[in-house]
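A short write-up of the structure that comes next.
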Amino acid sequence: MTTAAPTPSLFGQCLAEFLGTALLIFFGTGCVAALKVAGASFGLWEISIIWGVGVSMAIYLSAGVSGAHLNPAVSIALWLFAGFEGRKLPFYITAQVAGAFCAAALVYTLYSSLFIEFEQAQNIVRGSQDSLALASVFSTYPHPALSVGQAFLVEVVITAILMAVIMALTDDGNGLPRGPLAPLLIGLLIAVIGSAMGPLTGFAMNPARDFGPKLMTYLAGWGPIAFTGGREIPYFLVPIFAPILGACLGAGGYRVLIARHLPSAAAPAEAEPEKVRAS
């Protein structure tokens, strides 16, 4: 008789979320740092692909232990629509934010001399409006032509798309099981979203991915502008609340518009009369 594998401890799950989130932030922000201060020549597609592959690698790293949420918006949506245990929510979110913070701090440490050299060459005073160009290495800020409301809408829409497709890719009842391919497909989706909508808001889609690095830049000398983005309404609120709303809309929309119409969803209801007739 085979025995079921033990469920990972909550500590182990949180550690996996910490490491997975840290890995994706390390690759993503490291790529942008290379572009901004080290003279690398990446285009939008290359940057988006690096972020996407970073997410895929992070999922492969952590999925077996924690489910690889790596995103508070995803955790909240899964709690509301997919049975994730609510008691784990604050621990997962804390681990995700901490992982993003530590990875951003590590990238900053590794590139610190290049940041200082770039600031001196460009006469940039850290904490000024001009310094947002370097703060954006670590977290997201909207295109200057966008209002805060427009940026909020962009983040809601792209996170809803992300969450709906995540639900589809991890739903074995929806077509062929994706299995080991799902992380790669999720990474490709992020790359496509980044290429299409990245210039508008930086495609945050993840409160931890944005808030953790923003906190790091605040402490590293950028000060309040790291959170406000130079806007009257502090911009840091947008990449927190818009992705949460978007993820919930995406997960709920998938359940209502797709999952309920799948053949597998109708099968149990159709099988029940068959049992009655056989009895």
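Yeah, the Cβs are placed from backbone N, Cα and C, and that goes for glycine too.
Long-range contacts of the intramembrane segment (67-70) within the same chain, counting only residues at least 6 positions beyond its ends with a Cβ under 8 Å from a Cβ of the stretch, are 13, 16-17, 20-21, 24, 55, 58-59, 61, 78, 84, 92, 96, 183, 206, 208. Residues or ranges marked as intramembrane segment in Swiss-Prot (evidence: similarity to another entry): 67-70 (among others).
Residues annotated as intramembrane segment in Swiss-Prot: 71-81 (among others).
Within the chain, the intramembrane segment (202-205) has long-range Cβ neighbours (under 8 A, six or more residues past its boundaries) at 48, 51, 71, 73, 136, 139-142, 155, 158-159, 162, 190, 193-194, 238-239, 243, 246. Among the features that Swiss-Prot reports, intramembrane segment is placed at 202-205 (among others).
Under the heading intramembrane segment, Swiss-Prot lists 206-219 (among others), citing similarity to another entry as support.
The topological domain 'Cytoplasmic' feature in Swiss-Prot is assigned to 1-8 (among others).
Among residues of the same chain six or more beyond the topological domain 'Periplasmic' (38-42), those with a C-beta under 8 A of the stretch's C-beta atoms are 31, 50, 111, 114. Taken from Swiss-Prot, the feature topological domain 'Periplasmic' applies to 38-42 (among others).
If you look up Swiss-Prot, you'll see 82-87 (among others) marked as topological domain 'Cytoplasmic', on the strength of similarity to another entry. If you look at the topological domain 'Cytoplasmic' (82-87), the same-chain residues 6 or more away from its ends with a CB under 8 A from one of its CBs are 67, 69, 75, 167, 251.
Positions annotated as topological domain 'Periplasmic' by Swiss-Prot: 112-146 (among others). Taking H, G and I as helix, E and B as strand and the rest as coil, DSSP gives the topological domain 'Periplasmic' (112-146) the counts 18 helix, 0 strand, 17 coil.
The feature topological domain 'Cytoplasmic' is assigned by Swiss-Prot to 173-180 (among others).
Beyond the topological domain 'Periplasmic' (198-201), the same-chain residues lying 6 or more positions past its ends with a Cβ under 8 Å from any Cβ of the stretch are 44, 47-48, 140-143, 146, 150-151, 154-155, 158, 238-239. What Swiss-Prot records for 198-201 (among others) is topological domain 'Periplasmic', and it gives similarity to another entry as the kind of evidence.
Taken from Swiss-Prot, the feature topological domain 'Periplasmic' applies to 220-234 (among others), supported by similarity to another entry. Assigned with DSSP, the residues of the topological domain 'Periplasmic' (220-234) fall into helix, strand and coil as follows: 7 helix, 0 strand, 8 coil.
In the predicted model, the topological domain 'Cytoplasmic' (258-279) shows an average pLDDT of 55. The topological domain 'Cytoplasmic' annotation in Swiss-Prot covers 258-279 (among others).
Non-local neighbours of the transmembrane segment (9-37) in the same chain are 46-47, 50-51, 53-55, 57-59, 61-62, 65-71, 88, 91-92, 94-96, 98-100, 102-104, 106-108, 110-111, 114-115, 117-118, 133-134, 136-138, 208-209, 212-213; each lies 6+ residues outside the stretch with a CB under 8 Å from one of its CB atoms. Marked as transmembrane segment by Swiss-Prot: 9-37 (among others).
Residues of the same chain lying 6 or more positions beyond the ends of the transmembrane segment (43-63) and with a Cβ under 8 Å from any Cβ of it are 16-17, 19-21, 23-28, 31-32, 35, 70, 182-184, 186-195, 198-199, 203. Sequence annotations record features per position, and here Swiss-Prot assigns transmembrane segment to 43-63 (among others) based on similarity to another entry.
What Swiss-Prot records for 88-111 (among others) is transmembrane segment.
Residues annotated as transmembrane segment in Swiss-Prot, with similarity to another entry given as evidence: 147-172 (among others).
Among the recorded stretches 88-111, 181-197, 235-257, the one sharing the largest number of Cβ pairs closer than 8 Å with the transmembrane segment (147-172) is 235-257.
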